[in-house]
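Participant: Below: one structure in structure tokens.
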Amino acid sequence: MEKLYINLDENSYWIYIGKGLLPTLGKHVAGADKILLITDENVEKYYGDQITQIVEGRILEKVILRPGEPTKNLGNVGHLLEIMLEKGLTRSSKVIALGGGVIGDIAGFTASIYMRGIDFIQVPTTLLAQVDSSVGGKTGVNLEQGKNMVGSFYQPKVVVIDIDLLKTLPHRELISGLGEIIKYGIIYDGEFFDYINENLWNLLALEETVVTKIIKRCCEIKAAIVSQDEQEMGVRKILNFGHTIGHGIEALTHYEKYTHGEAVILGMYYEAQIAKNRGYIDESYFRDIEMIIRKTGLDLNISQFILTDLLDAMTKDKKNKGGKISFILPRGKGNVQEVLLTPEELATFLYTYLYV
């Protein structure tokens, strides 16, 4: 088992990474008067009974939500809050978020506002959640106008990453996780980028040593960034590489056509093109990025989107400043910076490279 400490003063916590860690959950809910398990239909059928056995003897309530990004909405937050009140959860209760990024986001946000905050535990079941969304304390839900428009920074009490849970994932969800994994190599660690490229097939085959090393390194990178900037006022912004175009694509497709990781892969590809177009990276490094992205097998053609619609979606991004659209763009291996583009500059790029 590997473990990492996220140092955030009074909000600090441990991340545990390894095989067969789900049964250890019992010790992390010790002292809770009641436990609320929030999960989705797909995860519950594999692990719901196991969780019940693990917390045997304690009062356990379950809420099973539909899988998928549309579940992240204020209506479901209200539903969860009503259940928490109805079941008598107190400030001594604990919430377990068992699922992917969607479950972690909505469970964490609901825990953060119930009675001004009760403890929650992240048990990520997807590769994307294990390498990214379960760490760092970003929680939230979507509005029609955009992704994660309502949310909070609220840290879990512990993150339990059991790599055995990846065995029940469909291949598409492993590809989705690659989006965030590749991102970490590009934004922070050139050597890690090379390691991912060399071991991508072993990762997709769930080779234990490779999976553990990659998950741990992603968590280390995110921990280093979040420890410096918990609430995204500075360096944490680099985690948004691929997410400006990615979020725009998700919004245009109503969060149904692409997984979050797939949208990030598309976003990284086109944002790397912007970086090359502006002279921030050379052709050779762009080809390295393109090669690893193409290994995911994702169709990179997004010319089906109407230019004005894609622009409109990106202008609503909460990261924007002063009427300009915020991008995190590569400047070299393991190095990125924030660049603000006017809608006109972005329209010129998109028209030139996507629509002719």
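Placement of Cβ uses the backbone N, Cα and C atoms for every residue, glycine included.
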Participant: Where Swiss-Prot shows Glu180, His243 binding Zn(2+), which of His171, His254, His260 is named for the same site?
Facilitator: His260
Participant: Besides Gly101, Val102, Ile103, Gly104, Asp105, Thr125, Thr126, Lys147, which of Lys94, Lys138 does Swiss-Prot list for that NAD(+) site?
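Facilitator: Swiss-Prot lists Gly101, Val102, Ile103, Gly104, Asp105, Thr125, Thr126, Lys147 binding NAD(+), and from Lys94, Lys138 it also lists Lys138.
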Participant: For His243 (Zn(2+) binding site), which of the three DSSP-derived states applies: helix, strand, or coil?
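Facilitator: In the DSSP reduction, His243 (Zn(2+) binding site) maps to helix.
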Participant: The record lists Gly101, Val102, Ile103, Gly104, Asp105, Thr125, Thr126, Lys138, Lys147 as binding NAD(+). What's the largest Cα to Cα distance among them, in Å, rounded to a whole number?
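Facilitator: Taking every pair among Gly101, Val102, Ile103, Gly104, Asp105, Thr125, Thr126, Lys138, Lys147, the longest Cα gap is 21 Å.
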Participant: Take the Cβ of Gly101 (NAD(+) binding site) and count every other Cβ within 10 Å, whichever protein chain it belongs to.
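Facilitator: For Gly101 (NAD(+) binding site), the count of other Cβ atoms within 10 Å is 26.
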Participant: Go through the binding-site residues Gly101, Ile103, Asp105, Thr126 and tell me which ones have a CA within 10 A of the CA of His260 (Zn(2+) binding site).
Facilitator: Gly101
Participant: Excluding Glu180, His243, His260, which residues of the same chain place their Cβ within 8 Å of the centroid of the Cβ atoms of the recorded Zn(2+) site?
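Facilitator: The surrounding set, listed in chain order, is Leu128, Asp132, Ser133, Gly179, Lys183, Gly242, Gly246, Gly261, Ala263, Val264, Gly267.
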Participant: Just how many other Cβ atoms lie inside 10 Å of the Cβ on Asp105 (NAD(+) binding site)?
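Facilitator: Taking all protein chains shown, Asp105 (NAD(+) binding site) has 26 Cβ neighbours within 10 Å.
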